[in-house]
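As given in TrEMBL:
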DOMAIN    A:1-102  domain 'HPt'
COILED    A:10-37  coiled coil
MOD_RES   A:45  phosphohistidine
DOMAIN    A:310-541  domain 'Histidine kinase'
DOMAIN    A:543-675  domain 'CheW-like'
């Protein structure tokens, strides 16, 4: 049970940290933004409260100090500065560490935390200057006109699940008492007897009478983290302080003994001012908003989504079997039903995959941190611009994409963008730019990372490749082919780094990792101007729209997203071809015969040759197959470990009749051909 | 794994004395509840004592209330005595549970 709660708290806190980081980045650009300051304060407050609740005591203690800083900021006692933001970024790393490790046990970690807290406290001492204090007084003076005490009735009716979400309502009620004179009424009549008690559920309801000079919004702010998990009413009941008066005590006693909640009307009979109507109206609006929000989104574990996607994949396979059965039996009723099921399963598949998509934004924060921290370390001034961060991708793709992207960005900062002096000398602005751009392109997503740094000198690359024996000394390569050498294993070694601006460090690994998620990576660069790295990715990994083809006695699937056209050629056209290049519509295309690739026997003369034109790395290549069977929704199953090392097949699919069709990785097929050539 | 809470039971002539201590929070509440269900077996009187408390939350307050409600339903008296650090006492009072701190002293 405890593990479940703690895990949930950690999961939610990670979201909180993400939000915190995002707010900090924005605050760095707009240091006076009160909304952002409030957002950061709330995140700290939430981490502190949850930490204490779930036994993350060191986390709670640590965030308490940070919360104090941002409490000062929001109250005007402290101004946001770059130092404060840097301190908070470092603190986020520490919070991340505390969330992963729980309470610290190693002496070294405890000492580090103490030192960190001292840094925070010192920060408060140093920055609490008299001028700051004066500004607070001024602010207080401005509010003096509103400081007369009023009395409110707060009705706090939490949902049963409140406690499981990491909230300790005792602290909320304690916070209300900090606002002024308050009297809490706890209604416990719904708590069941021990035999039927669900110990982690909430059964209590509270009403609190508070007399305070704070505004109604200040009162509501106390409940801000639980507003989705409770019904909350805050009603003005008197224009003066009434808590502690005998008449109020009598009303409270009556409510407790009858278990009937007090209403604002109960206080109308008193000698104090009647309830104002406006706050109640606002409460109603808030209740509606809360209800709307509750159904707008929900948290589901990724494990459950994986299960759903697997089930939908299985359904697609079964549906293919049913289609085959319907075709063979020619029963119009079954054919009609099968068509309907096919439509539904396609819709279901699209919905299930839509659910499993997550925004790229979820990972971008890490990249922003990397750029910020690394550029500060290296005294470089870099503007990191993100376009298309809200684009969504399969979560499995995003998980596998993070490392290659971090690698590319690191290279860009380390070796692409120059120091400000160097940039000025080169006639550039002292501030470098890295642009991260994501967008849709047909059935693919393209991610481009470009910088306006040094760029890559192709001559240096070529000489290195010759020196390393990767190409012959007299080889004739165009610029693109030379830059492609960066992705060849064995090229990227540490000694290359200084000579070619660091580009190429581990780029073979980047390409391999991108290929593992059926993506392609290409590079373009202009010496002195900058570098562009493009990554083309599929939207999803487990089901693809494929073209089913036959080669020999086997069936294969070619992803439709990779297909440009299909030609039916006369055999004579191939006979006239030279060096596996065929002329179609006056254009020359290289081609691959899959019979040769899969070592099938030579086919006896055919009347028509089916050539599928496949796109990869901006080039079109023909792929000859025996027969094109048709379009096929393919559930891609991973290959077992024995077949993992082969390079042309990316997976397998079970056909309707139970046979297996291999899914061809067209990118690797064409790439291998190029290497062999 | 050692528990971060403790419950002692003493039975004497139909009286059941229960002493709670340690971390009395949601992280242990299920185990505490199971323990109580197993040990409260038709007593004539239950004397609850809460002491040496490191932390407590609403789940524990509800647990105490639940025992009281069981007492009402099954016809036995439940007396509660709480010795809490000042901060926790204040927390309970501010949450409207001051009555728990004012109940009659239970035997230990």
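A Cβ is built for glycine as well, from the same backbone N, Cα and C atoms used for every other residue.
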**Study point:** Residues from the same chain, set at least six apart from the ends of the coiled coil (A:10-37), whose C-beta lies under 8 A from its own
**Key:** 43-44, 46-47, 50, 70, 73-74, 79-82, 85, 88-89, 92, 95-96, 99-100, 165-166, 362, 365, 368-369, 372
Point to revise | Where residue A:45 (phosphohistidine) falls in three-state DSSP terms | key: helix
Exercise for review: Pop the mean pLDDT for the domain 'Histidine kinase' (A:310-541) in here, whole number is fine.
Suggested key: 83
Revision key, fill the gap. What DSSP reports for the domain 'HPt' (A:1-102) is 86 helix, 0 strand, 16 coil
Revision key, fill the gap. The residue listed as 'phosphohistidine', Cβ-centred 10 Å count of other Cβ atoms over all protein chains shown, is 21
Check your understanding: Mind checking how the domain 'CheW-like' (A:543-675) divides into helix, strand and coil residues in DSSP?
Key -> 25 helix, 70 strand, 38 coil
